[in-house]
Amino acid sequence: MPVVHVIDVESGNLQSLTNAIEHLGYEVQLVKSPKDFNISGTSRLILPGVGNYGHFVDNLFNRGFEKPIREYIESGKPIMGICVGLQALFAGSVESPKSTGLNYIDFKLSRFDDSEKPVPEIGWNSCIPSENLFFGLDPYKRYYFVHSFAAILNSEKKKNLENDGWKIAKAKYGSEEFIAAVNKNNIFATQFHPEKSGKAGLNVIENFLKQQSPPIPNYSAEEKELLMNDYSNYGLTRRIIACLDVRTNDQGDLVVTKGDQYDVREKSDGKGVRNLGKPVQLAQKYYQQGADEVTFLNITSFRDCPLKDTPMLEVLKQAAKTVFVPLTVGGGIKDIVDVDGTKIPALEVASLYFRSGADKVSIGTDAVYAAEKYYELGNRGDGTSPIETISKAYGAQAVVISVDPKRVYVNSQADTKNKVFETEYPGPNGEKYCWYQCTIKGGRESRDLGVWELTRACEALGAGEILLNCIDKDGSNSGYDLELIEHVKDAVKIPVIASSGAGVPEHFEEAFLKTRADACLGAGMFHRGEFTVNDVKEYLLEHGLKVRMDEE
């Protein structure tokens, strides 16, 4: 079995890349230090990276990898950079002004303009059609991008790069064109994550490993019309996420369940925990149905076992073997005391999840505590919250804030310190205003903190995405809370995932057309088999919304 070498500087989720390469029939050998790096014994090298530019390139240099990487490139053997692995080829980035890259490409990365679109870019974009695409990049396929900083192009920069021998695959986010992939001689790199881009991404990895550039398939005019990017949503497809609430039932089995206003027990039948299936099998099923992401919310956090034996780690490891789209895990991402009394910081907990196959971690209760502290300190963090420590190491895009709010009616802004708005749906006593109160501990405890205040604080502390639940809508199958979504979109510039209330495909369309939701999440309607993820996507496609279709 041919061997692929992967440089490991402990930057994010290498498990998924390893799984993708093994899925393609290759063996993976991780290169953890320069002394493990034998150029003559290496035929394919991959440099993956996630998170903060400076954190990654400084790590690369401090561990002594610069010289062997340069010698390997000089040898003419194939190398592939992924995400920050692509960015490391550049001179530097405004994200980390004091850090220097490998400087194979002489210009600096810059941040996307967030005045016109959410930043980070999180979602499925495409390469702009060109005659010079390479390694099977297909302008009618979608690839998974997750980044705030990019090699943003203008005509002069593009011309200079091409004059220097670089082939460029461009993508466009909002009005900004940037480098999606580059190729020169033996160097190939992608800004997107091919290991998280479904079958389309696996094809790109396979083409690199086989050093082949097959032609773009012959699509019919009708197929091109359906699949081509119309840039109606900044260039991204409408993202559909399948969510699995995981907990142990009364028999000790790990099951996927679903609440009704956060109550996961049956109304009859002895009040047992609703069992809607096994998490790994369901995740695989939703991936096959076309889910753009799968989220595991570990709703009991498995408090009675050592962290390293947490069942969720095994769930992630198994799911990541066959689910080649992003995986998010939530529950228990905080500073903990292990069963043996050892104190384990949130960053270490998150790192364990990332190494097991997670791409993002979701923080709930501790995000509320962090936001309260942020305001107590006069609108600043102190660097110790899980949001700050994890985003500093892995990047904002790795930190999702899971919010569990409920609607509170008031007569005017004077009734609360939290931001209110005038609602179309007056309260039981004719109240015209409302705010959304944050809860903790799975909705069991309310705090004097509004969703507006929470999300703004978390964005400032370094979070990259909001998973916006709604206790009032949970399990209702009556559609998302559209007012809540718009309220939070007014508050922050990071992407917002609409959650709670979806019962039919029309609810997804309604959220995408009537709000600025960046993604929509479904749970019960998928678990019960009433609709598949593909049913939702087909419906959206029929109604003129672009979605990712990942068929061979």
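Cβ coordinates come from backbone N, Cα and C, glycine included.
Feature annotation from Swiss-Prot assigns active site, for GATase activity to CYS83 (among others). Under DSSP, CYS83 (active site, for GATase activity) is assigned to a strand (E or B) in the three-state scheme. Over all protein chains present, the Cβ of CYS83 (active site, for GATase activity) has 29 other Cβ atoms lying within 10 Å.
Here Swiss-Prot flags HIS193 (among others) as active site, for GATase activity, drawing on similarity to another entry. Neighbours of HIS193 (active site, for GATase activity), defined as other CB atoms within 10 A of its CB across all chains, total 26.
Sequence-distant neighbours of GLU195 (active site, for GATase activity): residues of the same chain at least 6 apart with a C-beta under 8 Å from its C-beta are SER16, LEU17, ASN19, ALA20, ILE82, GLY201, LEU202, ILE205, PHE324. Secondary structure at GLU195 (active site, for GATase activity), as computed by DSSP, is helix. Residues or ranges marked as active site, for GATase activity in Swiss-Prot (evidence: similarity to another entry): GLU195 (among others).
Among the features that Swiss-Prot reports, active site is placed at ASP245 (among others), with the record citing sequence analysis. ASP245 (active site) is surrounded by 26 other CB atoms, counting those within 10 A of its CB over all protein chains shown.
If you look up Swiss-Prot, you'll see ASP404 (among others) marked as active site, on the strength of sequence analysis. Around the Cβ of ASP404 (active site), 27 further Cβ atoms fall within 10 Å across all displayed protein chains.
Taken from Swiss-Prot, the feature L-glutamine binding site covers CYS83.
Following the DSSP three-state reduction, the secondary structure of GLY332 (substrate binding site) is coil. Per Swiss-Prot, substrate binding site is recorded for GLY332, ASN469.
Predicted-model confidence for the domain 'Glutamine amidotransferase type-1' (3-218) is 96, expressed as mean pLDDT. Marked as domain 'Glutamine amidotransferase type-1' by Swiss-Prot: 3-218.
Taken from Swiss-Prot, the feature region 'Cyclase' covers 236-552.
Non-local neighbourhood of ASN469 (substrate binding site): SER402, VAL403, ASP404, PRO405, SER499, SER500, each in the same chain, at least six residues away, with C-beta under 8 Å from its C-beta. Checking Cα-Cα distances from CYS83 (active site, for GATase activity) against the recorded positions (HIS193, ASP245, GLY332) with a 10 Å cut-off leaves HIS193, in sequence order.
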